[in-house]
C-alpha cells in the first residue's frame, strides 16, 4: 500500500467522523480521565498504556507518598524492626516533579500507584513523572471535542483593538489566534513569520516536536518494538534500549496506522451486527426486569407466610403470659387481704379485741376457742412468710436462638446444586488466609460467597462476613493474630443458592508475620551452603572440605555447624515466621540469636569443636543440659532425621514427658522481644511445642545452622503466592 493510499484511507475514516456517522459525542467517555472523571488535561501515557491527566498523576503520587509515610510511622511506633528516619521537610509537589530518588537516599519516596484505569500497580521508576510521554494525539482529539462542544462560543482575535473580531486561524509558533486582517499584518509575505505553522482557531498550543523524556534535548525518531514505545537515537546507542530491536518512526507509523485503520473498518462494517446485539441486550434487560419483579413478589409471599406464623405464635405466647400474670395477681391479692385482717382495728385483731370484752365465762370460752385457733394460724404464717406466687416469668422466656440462626441462613432453594467443599490441604493461614474449594458443578456456578467469622475463646460466634468470589479461591486479609476463624462457602447460579459447605476452622499466628530473607553476606559459608537466587532457600552440600572434616570424627572430633541468619533484625515487638525443613536433613538447628552472640559465632569460627563445648549443640548430653542458662542470648532447637528434639532445662518446672517429637511439616517461631520469650510452633495445628526465656538485650536475628546434608525453605507469604497463581491462570 502506497503512502498516498494510506493517507486517503485514513482520510476516509476521519471523513466518517466529520459526517457524523461516528459522532464525536459518542467518544466522550474515551476522552474522560479515569481519575478525575473530567476531560483530559495534558494527558500522560502510563507504562500500562492507559492515559491520565498530568495533575492527577501528581495527586496520586502525593496520596500514596503520604500513606507510605503514615504506614512507616505506624509500624515504627508498634513493632517494626527497621529504623525509619523522618523525611526532611520540603514541598511535596517539587519532590514529585523532580526525577526519582537515588539508590542510597535515606528518604525513599513512592513512585508506585494503582492505575485508575486497570487498577494494576504502575511503577514510574527513578525518573518519576519526567519519564512519561505526553499523549499529544489524545490531547488534539480532546481539543477538537472541546471546540465541537462550544461551537457557539467563538475564539476571538488576540491582537485586535476593542472590540475584538472573531479569529479565523491560530499560529502554533506565536501561540496566538488572529482574525484575517491581523494575521496579514503580523505575518506579512516574504518574512520569517510567513513560514509559521497555523491551524484553525484553537486554544491548545502544544509543542510541535515530541522530545525524549530520558534525553530532553533529543527528538524522538525511532520506535522500540520490544518495549513498544518511541525512543531517540541515544536510547538505542547507549541507553536502556541498546540491545532492543528498533524500527524507524515512519515504518512504525505506517504499520500502526494500517492496523488501526483495519480495526476501525472492521468495527464500522459490523455496525448492523452490533445494533442487533444491542437490541437483543435491551430485550434481555426487559426480561430480566420482569423476572426480577416476579421473583420479588414470590419472595414477599413467602415472607408474609412467615410473618403470619410469627404473628400467630406471638399472639398465643402473649395470651399465655397474660393468663399466668392474672392468676398470680389474684393469689397475691388474696394474701394481701388476709394480712390486712391482722392489722389493728380491722379484721381479726378488731374482732378479738371485742371478744375480750365478754364477761360471761361460758360464752367467752365458746367463742374464744375457735378465735384462738385462727390467731395461732395467722401467727405461724407471720413466722414463715411465703408469697402466694412467683414474680419471675423465666418459664415464659421464648428461646429463638435456633430459629434466628435458621432465618439468618435463609436463602433461595438450591434446586439440586451441589454443595462446594473447602480443600483443607490447600487452605492455610500465614500472613493472610488462603481458602481453596472445589465444586463438582464448577462450570455451572456463576459465583460463590465465602463467609468467615471469628470464634471467641468462650466459643461465642460472631456474625458472618461475606465476600463474593468468581473463582474457587480467595485470600482473606486483616485477620487478628492468635484467633480462631471459621470459614464456609456456598455456590450461586442466578438467584439459586446451594447450602453452605462444611466449616473449616483455622488458627492465625500468634503475632504479625516477620518478613526477611537469608543473608548472603554476614557469615555465609559458600563452601558448605548453597543459597538460591531468591534467598529464601538454603541447602547444605557435601564438598571436599566437608569430607576432610568428617575424617576427624574417627579421632573424636565433630564437624562444625554452618550458620546463616536473616537479613533483618528485631529490636522490639512481637513477630512470627515459619519455614520447612527437608525430611532428608541430618542435623538442622533453628531459632534466634542476638547480635553479640552472632559476632562470636561468625568472627571466630571453629573448624572442629567438641559437642560439649557449645551448650546447645543439639547432642543429648547431660552436661550441656545441667549448665543450661534460662536467659542466654540465643535459642536453637535441633531438628533432624524427621524428628523434633526439645532441649532439656534444669530450671524448667514443666518438663515435657516426650522430648522427641515427629518433625512438623512446617515450623513456626514466635518471638516476643519485649518479654524475652521465644516459642516454637507446629504450623499445621498452630500448636506450641516448646517455649522458654531468651536474653533480648541486643538486636535479635532469625538464626539457622546446618551440618551434613539438609535444606531449609522459608514460607512464602500467601499474598505473593496467590497473585502468582492468578497470573498463571
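Placed from the backbone N, Cα and C atoms, the Cβ positions cover glycine too.
Sequence annotations record features per position, and here TrEMBL assigns domain 'RING-type' to 33-84.
Same-chain neighbours of the domain 'B box-type' (207-249): 127, 130-134, 136, 172, 197, counting only residues six or more beyond its ends whose CB sits under 8 Å from a CB of the stretch. TrEMBL lists 207-249 with the feature domain 'B box-type'.
Averaged across the domain 'COS' (356-413), pLDDT for the predicted model comes to 78. The domain 'COS' feature in TrEMBL is assigned to 356-413.
Under the heading domain 'Fibronectin type-III', TrEMBL lists 419-511.
Among the features that TrEMBL reports, domain 'B30.2/SPRY' is placed at 496-721.
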TODO: Over the span of the domain 'B box-type' (207-249), count residues by DSSP class, listing helix, strand and coil in order.
DONE: 7 helix, 11 strand, 25 coil
- [ ] On the DSSP side of things, how many residues of the domain 'Fibronectin type-III' (419-511) fall into helix, strand and coil, could you say?
- [x] 3 helix, 45 strand, 45 coil
